[in-house]
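**Student:** The structure is given below, and queries will be raised subsequently.
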Amino acid sequence: MKHPYGIGLDIGIASVGWAVVALNENAEPYGLIRCGSRIFDAAEQPNTGESLAAPRREARSTRRRLRRRSLRKADLYELMAQNGLPGRAEIEEAVQAGHLPDIYALRVQALDGPVTAMDFARILLHLMQRRGFRSNRKADDAQKDGKLLQAIDANTRRMEENHYRTVGEMMYRDPVFAEHKRNKSENYLSTVRRDQIVEEAVQLFAAQRQYGAAWASPEMEAEYLTILTRQRSFAEGPGGNSPYGGNIVEKMVGTCTLEGQAEPRAAKATWSFEYFTLLQKINHIRIIESGAARILTAEERQELLSVCYQTDKLDFARIRKALALSEQARFNMVRYRDGQTTEDCEKKEKIVCLPCYHKMRKVLNTLRKDYIRSVSRDRLDAAATALTMYKNEATLRAKLEEAQFEPLEVDALMTLPSFSGFGHISVKACRKLIPYLEQGLNYNDACKEAGYDFQGNYRGEKSQFLPASTEEMEDITSPVVRRAVAQTIKVVNAIIREQGESPVNIHLELAREMSKNFQQRNDLDKAMKDNNAENERLMKDLHELFPGRNITGQDLVKYRLWKEQDGRCAYSLQPLELEKAITVSGYAEVDHIVPYSISFDDRRANKVLVLASENRQKGNRLPLQYLQGKRRDDFIVYAKASVKNYRKRQNLLKEKLSEEDSKGFMQRNLQDTQYIASFMLNYIRSHLAFADFSAAGKKRVVAVNGAVTAFLRKRWGLGKVRADGDLHHAVDAAVIACTTDGMIQRVSRFYTHIETSDTRGERFPEPWPRFRDELMQRLSACPQENLMQINPVYYQNVDIASIRPVFVSRMPRHKMTGAAHKETIKGRLDDAHTVQRRSITDLKLDKEGEIAGYFNPSSDTLLYNALKEQLTAFGGDGKKAFTEPFFKPRADGTPGAQVRKVKVYDKATSMVAVHEGKGVADNDTMVRIDVYFVPGDGYYWVPIYVADTVKPELPNKAVVQGKSYAEWKEMDEENFLFSLCQNDLIRIESKRTMKFKVQNSDSTLEKETQMNCGLTYFEGGNISTGAITVTTHDNAYIVGSLGFKTLQKVQKYQVDVLGNYTLVKKEKRQNFPAQRR
């Protein structure tokens, strides 16, 4: 091939760092062809981690609920009209006229005497509007419904204890409901069960029939109750041709990854899948004694399985007892924490054992002791599948009967709450794998024995480019991971197109966060920040202890270990002088307990601070292989008594390295084995045709462990400060591309030499000479300089003048859909002002000491003055002033009703008319701005919101600073230049120097940088000021409010995924479908 190359990929949830390296005849890197970063938004709500589809789903659900409620009311009005009761028009006319009796008083009155047709129609309508709660689930889950179910139970007890005949009577007579009868916020005070409302309706119809009301006939009652109780099953979804209709769960079940299309995936609750999962967990258990790990024996596995059939959760303390293990034995799956007993640690770690099987066992055993033993595994699987897939009671009962369950068995199973979730393989595949798992094989080996390709490799023809969508992609259920994979595929394909031929190999690393949910990622961030804070504190100590010294990272490591070891050498147990340890070369060294040449483990749990002489004598042995006699005994006592970190203690007390230990070290510390890394590795390996290159070997795709690349990056002098911008992803990718088998062997030989030799002069191996210098130069603003001097071997055949600075590519946000407006509906005062109700805790005082924005204070001066007085007492802070309930003052000085909200007015800018023009709401998302240039006047921009996409015409009013929407400037079509969405690239020129502030306060960069022109990413616009927000390409600096009108020049550029950008000439203004009709 013309120029063999390899690719390095650093894949995160919102970024793909990439690097292309030139390969020599041995398939080893010797030059950097190109590198860069592709940045995109994580596919989740940024503040909560919830699905991006959640708001749309919730809004759709609300529209559906309102539509159904409206239909029930329409059917009720029609029913009442047919039976001689007032219809919609008559009721609405009576309501508008006012002076109607209290509806709750009427509900009580109708129990004991006749009421008018109008009163009874109002009662029926009120019951329809307040029809109570009925769960859509087959069985309520108290944990999920929480406060709501508690309120229902409280109201049920209240009715029984006070002998209220109906809900209406309770609401009318009980003092609990005297102040208000509607639920407030998350208070479910007035919530009752649906069947209680139905019972009230039955009583009301019976009473009115008794008093001779013709419109209370049994037929009318039956039809009314049908409408009142009408509710579609959640599992069925909407009717008609809705894409959300039918059995939603059944539609979403995928196919088995091992058996293929012929078999659906097993419900996680099936006995087969639970037993299959349990066997894997048991086979992963290792018992560690004297530093050596072993698997469970066949007898131990069988004993453990018998215990698992007795309980649904099994802690390791009980496992120890069941297996009769010695006190010295430890489990690999237990985290032995500092300051806690072994028993306490083992009780905290549990194995979940057949949880759904145990739930079914408990309800079936109520029929007869050990009844579960008479139920076959096929029937257990069928029951669990039905309980997972069907939520409607009638459908579920039918499915259980189909599975040959007797009526009593069906009744017992129906008391269970629904199960959820499906596995990755089918019941059939589980059954095939179980015999091999019972023999103690791991999943991979069991698949091989059963004749399965456990990697699920694609068997079709490979291509030059990665396909964007395949069946394997359907296995990725996380939107976050799916987007990261899709962007990675784009980057790989773009590199191949640019290079003109296939790569020789691809090395990839996936961030730890890829396999974590939102909360786990937050926990990781917190742990990292806590660790950084601790490092900063220790660095401060070192600067105070050694003023004037340039404190290094190695000094920090030594200091931490010195403190952990109480100032003693970990091997000789002799005192270590801190000053000499830090300042005197060759006095004390950091040693890897398990030699790095064997373990590739650079974590703190594998490090100790020791005298240099001890380190040289230990060599590449374990401490207990090196120490002898009394020194060895003293060391064991020290490690057991003083070393708090469990993993470090295990490493120190390890007597030998078994073959399994060595394999485990290599697998854990060199390879990334998390699921998504394995998926990417197999996906690329299965679909991508690699270049034919004899030296490449069989491993064309490698998932590198992040710990190794972090270690190499540190040893190669490549710092990583995330707060400095997005270029660090490119640096990581270059390191990953160079983490080859050859490099690992060189590093291993280097450490073997260090561990077994007295000399310390050998340099740490680099991918090629001056690797760091070349990488830093390529990341600089002038990458062409000095490249021939840095790496003449590679650049002698490269057109250096064509090399451009690394430019970060950002995925533009061109989405044009979303919520049309904010949820809060306001009243329109005039074209320039709106009025709305706001919580009194949001009130503030203006400069004149009046309540800011208070609407019409003269309408109730007593209330206004009381609110103002309270605010003044607390310095104008509403949150402090109204922590306690505030009551409206009466003229006689007594407190009246509680005040929660009052009306305030605000300036109207860009609003959306709602409720047939009766109200307005703030626009929601600004999807783009349309840029205009008016000769002699400057640049303007027109905001385009989601609501504008469905209007007959696009807006033409451009923002004018400090003006209301009515005063904005009308634009002419001939002056239109282009549209900008978030993350579109623009080049801006200004007469005045633009000051860019550093984005992140933790950045090590200069706090401010200046420029008169440059390429920036557009972030958004402010309609109040007319300014825009832009960031530098690497997101290191930002201008939060850049005056747009007075810019000298604004040009739009197109950026591809590799950061190549081209000028966009004048665009035609794009209409939406609504404007094209």
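All positions are counted from 1 along the displayed chain.
Positions of Cβ are set from backbone N, Cα and C atoms, glycine also.
From TrEMBL, for reference:
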ACT_SITE  D10  active site, for RuvC-like nuclease domain
BINDING   D10, E513, H729  Mg(2+) 2 binding site
BINDING   D10, E509, E513  Mg(2+) 1 binding site
DOMAIN    517-670  domain 'HNH Cas9-type'
ACT_SITE  H592  active site, proton acceptor for HNH nuclease domain
**Student:** H592, H729: which of these recorded positions has the highest Cβ count within 10 Å of its own Cβ?
**Tutor:** H729
**Student:** Going by Cα-Cα distance, which of the recorded positions (D10, E509, H592) sits nearest to H729 (Mg(2+) 2 binding site)?
**Tutor:** D10
**Student:** D10 (active site, for RuvC-like nuclease domain) has how many other Cβ neighbours within 10 Å of its own Cβ?
**Tutor:** 29
**Student:** Should E509 (Mg(2+) 1 binding site) be counted as helix, strand, or coil on the basis of DSSP?
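**Tutor:** Where E509 (Mg(2+) 1 binding site) sits, the three-state DSSP reduction gives strand.
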**Student:** For the domain 'HNH Cas9-type' (517-670), would you mind checking the mean pLDDT of the predicted model?
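**Tutor:** On average, pLDDT over the domain 'HNH Cas9-type' (517-670) sits at 87.
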**Student:** According to DSSP, does H729 (Mg(2+) 2 binding site) sit in a helix, a strand, or coil?
**Tutor:** helix
**Student:** Give me the CA-CA distance between D10 (active site, for RuvC-like nuclease domain) and H592 (active site, proton acceptor for HNH nuclease domain), in Å, as a whole number.
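**Tutor:** With distance taken Cα to Cα, H592 (active site, proton acceptor for HNH nuclease domain) is 27 Å from D10 (active site, for RuvC-like nuclease domain).
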**Student:** What's the CA to CA span in angstrom from E509 (Mg(2+) 1 binding site) over to the residue listed as 'active site, proton acceptor for HNH nuclease domain'?
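**Tutor:** Per the Cα atoms, E509 (Mg(2+) 1 binding site) and the residue listed as 'active site, proton acceptor for HNH nuclease domain' stand 24 Å apart.
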